[in-house]
Every structure is written in structure tokens, then in C-alpha cells.
Amino acid sequence: MAKRPAATSSNDELPFATEEPVADERSFFGGRPQNPTAPNARAALPASLSGPEHYHGHRERLRDRFREQGDTALADYEILELLLFRLIPRRDTKPIAKALIDRFGSLSGVFGAPAGLLTEVKGVGENVALDLKLISTVAHRTLKSEIRSKQVLSSWSSVIQYCHAAMAHETREQFRILFLDKRNVLIADEVQGRGTVDHTPVYPREVVKRALELSATAIILVHNHPSGDPTPSRADIDMTKVIIEAAKALDITVHDHIIIGKDGHVSLKGLKLI
């Protein structure tokens, strides 16, 4: 690491003692007078401090493309870059956006990643990670609103979209239940268990007990495969059949068991496994 230059009162020295961006906006947007005796002083600055024009012009061009042509004109990393403009206002966010996509594979992967993993990407601090998770939460709530107070079976694509957004990028298995009333309208959406990377414990008695507590007459089982492959295991199929039998004794219908992966989903009913 290069040794920091000592502070000096000479007008010929640059007023920066670090390679990190300066917090004061005036150093970026104010008209700092140049020392006429040091015409090359600006060139000696690190690229990150060489003035706003090296990325602010790019920001405006990117905004214009989005404004005029919509999201189809931008790559995923550029959409993320646009968002990061506001979260990290005085820094070139293009490398950060690309690093996030490279690390997590896609936009949905970025927003589905835990905050702790987001902060492992250079340039992403705790506040930025929190903001990204907040945006992710807004998206989840929006998708959930599409199935709330509606007949779930007639809004099946919305159900799949919501479950995928909520679970596809979880790093551990999660078992979720959608509880429905006699009109198949959503009563509650609850996570019943969280497990390891390849297993989560499920207790049929607890599933049925909770359905009775909510006066649900039907349920949809959902769980994720962190590996990304939604293919059901023998254990998945057997466990589903046990829950179906336990629920049937109390006139509760199990409509389906959906398995969510990063790139798709599987319906056990669709595969005629139940």
C-alpha cells in the first residue's frame, strides 16, 4: 500500500490525503479554483476523484435511454446501475453493478441475496444492502397483493411468481403453506419451517393443526430447493402424501405441492405424483 503523503500548507499540494471519495459535495460539484502554478495537478488525481464528468455524463445518458426506450434498452447490470446511482450518489456504480450480477447471477439473485452476502461485494456497505433488501421487500409485497383476496386457483401464475420471488434465492430450504378458505381465497401465507441446504423438517400434525386454527378448508404446500433444481425427491413425494392423508381426515384439501428452484418450478400435481 502506498504511503499517505504528509499534510502540507503549500498551495501547490493537492487538498486530498486519501484515495477514497470525499464526502463533501462541494469537492465534486463546486467550482474549486485551480492553482495556475500547478496545471497538471488535476491529472495527478486518482480516477475516482478526477471530477464528476467521467461518470455523470454516463449517468445522464443511461437515464435518457431508460426514459426514452424503457427497460428493454438496458442490460440487467445497467438497470441495477441506475438504481445504485441514488443509493451511492458520488461514485462510479457501473463496476459495483457488474460485480453484483457476477456474484449472484441475475437481478433476482441480487435482490434475493441475504444482506450479509451483499456486503461482501466491494462497494456495497450495510446501508446499500439494507436499501436493496427494502426494494426486494416492496417487490414481494406487490406480488403478494396480486393474490390476496382473490381465488388463488384462478390466479395461478401470480401464485407462482410470488412464491418464486419469495423463495427461489433462499440459501436454505424453507417450507411454506398457503392457507385457503372454502372459496379458495388466501387466508394466510406462513413459513412453517426452515432447514439446511437440502432438508427442512415438516410435521404433518402441525400443518393440519394450523389449518384448523385458521379455519382453512384447503392448503397449498410450497418449498424451495437451494440447489436450483426443483425436481422432487422421493422424500418430498412421500411427505406430501402423508400430509394429504392427515388433512383428508379433517376435510382439508391439499391442492398441490410446488417446489421452487432458481430457474423454474415443479408442481407435484402437474406431474401426477399426487
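Cβ atoms here come from the backbone N, Cα and C positions, even for glycine.
Annotated Zn(2+) binding site per Swiss-Prot: His223, His225, Asp236, in sequence order. Here Swiss-Prot flags 152-274 as domain 'MPN'. According to Swiss-Prot, the region 'Disordered' annotation covers 1-57. Per Swiss-Prot, motif 'JAMM motif' is recorded for 223-236.
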Original post:
Among the binding-site residues His223, His225, which residue has the largest number of other Cβ atoms within 10 Å of its own Cβ?
Top reply: His223
Subject >> Env. residues of Zn(2+) site, Cβ within 8 Å of mean position of His223, His225, Asp236 Cβ >> reply: Glu173, Asn224, Pro230, Pro232, Ser233, Ile259, Ile260
Original post:
DSSP three-state call for His223 (Zn(2+) binding site): helix, strand or coil?
Top reply: strand
Subject >> Neighbourhood of Asp236 (Zn(2+) binding site), C-beta criterion under 8 angstroms, separation at least six >> reply: His223, His257, Ile259, Leu268
Subject >> Confidence summary for the motif 'JAMM motif' (223-236), mean pLDDT rounded >> reply: 92
Subject >> the domain 'MPN' (152-274), counted residue by residue under DSSP: helix, strand, coil >> reply: 41 helix, 37 strand, 45 coil
